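The structure appears right after this line, and notes come after that.
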């Protein structure tokens, strides 16, 4: 899971140059305002996204007024160049409470979950290229209500599968599999990411800079910050955490290997949560390490 300094620098520079430049050079062509109270053009975020023309090549800003928006939101591949902006991560929240085995039933002796899996449990999904989010919270509320806890299950707050995606001053809140950082080149700056088990996972080529990773593993007997799935030794994917802060409860591992080539680096970061003594877990690959 370690990188040579030049490899680390290569990942950092390539991701940042592609993702940060998205914001730096963007000029907004159209702004849509979303307010569930009715003062904007749209009452839901999904309505505003649907209004963006397919395959457009100009930046559309969707400004989401403060409030709690209870909806599942999806940006499909045909909707690039969207800037989704809230009024602050403490003020604007998108929340839903799906989980991977929601709708599970018996069919001919087999357990079937129609149309549900870890990825589709997400409150927010972006599949389009050239996406930016600012100052907004993405939350999966499964197992967060008061009272008796339900069984642990994958419940994603955000799925990020589009190339050249960047998040600034955002929050991602969940318990298991909070942030599916799936595929593409991504950049997260000054974000808050909370969870207990594998709460940052996926295959992408990503830099997290100045982020707070908050572990709630103590409530569940332990946990893992990351589960990275780099597929081969030639795969350029990996996670770099630069100048980040790990807080919360434990014991928590820095990560467990979703694949035999998992690659995660913490660089100039602070650890203010109980980290498991071994640091890393081989998961299903104990015979190969």
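Cβ coordinates are placed from backbone N, Cα and C, and glycine is handled just like the others.
Per TrEMBL, these features apply:
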type	residues	note
SIGNAL	1-17	signal peptide
DOMAIN	33-286	domain 'Pectinesterase catalytic'
ACT_SITE	198	active site
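Within its own chain, the residue listed as 'active site' has 176, 177, 223, 224, 226, 227, 256, 258 as residues 6 or more apart in sequence whose C-beta sits under 8 angstroms from its own. Restricting the average to the domain 'Pectinesterase catalytic' (33-286) gives a pLDDT of 90. Secondary structure at residue 198 (active site), as computed by DSSP, is strand.
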